[in-house]
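Record features, source TrEMBL:
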- 1-26: signal peptide (SIGNAL)
- 39-98: domain 'Wall-associated receptor kinase galacturonan-binding' (DOMAIN)
Amino acid sequence: MMGFSAMLAQLITIAILVLFPTSSSAAIPTTTVIAKPDCDDHCGNVKIPYPFGMTKDCYLNKFFFINCDVSFNPPKAFLGSSNVNVTDIFLDKGQIQILKYVSYDCYDRQGNNTDYQLYSLSLSKFTVSDTENKFTAVGCDTYAIVQGFKGDGQRYTAGCMSICDQKEAVIVDSCSGAGCCQLSIPEGLQNWTVKLDSYYNHTNVSDFNLCSYAFVAKESEFTFTKDSFQDLAHREKLPLVLDWSIGNQTCEVAQMDMDNYACKAVNSICTTLPRVKGSGYICNCPNGYQGNPYLLDGCQGMIILDV
């Protein structure tokens, strides 16, 4: 059995390593809690951290309610009462990832319209991330328009054209107008509608391209290739990233009402978002800490062990 002196020496060594880690020490993250007490923290494969939640008293307010539909296997998470499928939630960035349909406009070889479906998105609180997403149109006889409104009420309209006369003419990994065109998304876009059309009903490219496609989606999730004309026919949805924030106040104003101030962890950091994104704020843990800053004691440090 280890003597008292040996045990004391071992405890002192551990304490020194925690306070003064050596070059051969490793940082081990502590166990973190992401949901409120007695609240589920997963819907199927999706983590649901507070301020989001699935049952009464488990979410901050109605904008952060997640409907976990257990009729799917595995269960699927939906934003509120909508059909917007949530696939990931990022606390540190103030973002969620959803799946959104690809719009399409298809013809037969004689130029008759055979299939046509345009999709839109309307958000009451969240906005489309301008840093993560792009508006993209794919086709060789295609022009596409995206219309919507920003959080400040300003109307937004933009469009692009994609033309090519043969499959070999497209530029792989590029959406510069030959088979694919792409536009940036403005800050604060809260709703949008896609419009698609064709100059010649694809009759001039009918041997390899009978459809036009358009979507607002996460830029890193789509790479244009010569096979994209066929691949998109079998890809119903693409990931889209939304920005979210707490309330519509700045950090300074919110901190005047500590009872309702959302950054509950004592060492959490508050960041005010630009007004064009709906204002509001998000919370983060400081460097060296991880966890959920929206929970009391939610930001946990790192345990340093000698290796």
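We count from 1, first residue shown onward.
Yeah, the Cβs are placed from backbone N, Cα and C, and that goes for glycine too.
Here the domain 'Wall-associated receptor kinase galacturonan-binding' (39-98) has a mean pLDDT of 97 out of 100. Helix, strand and coil content of the domain 'Wall-associated receptor kinase galacturonan-binding' (39-98), in residues and according to DSSP, is 3 helix, 24 strand, 33 coil.
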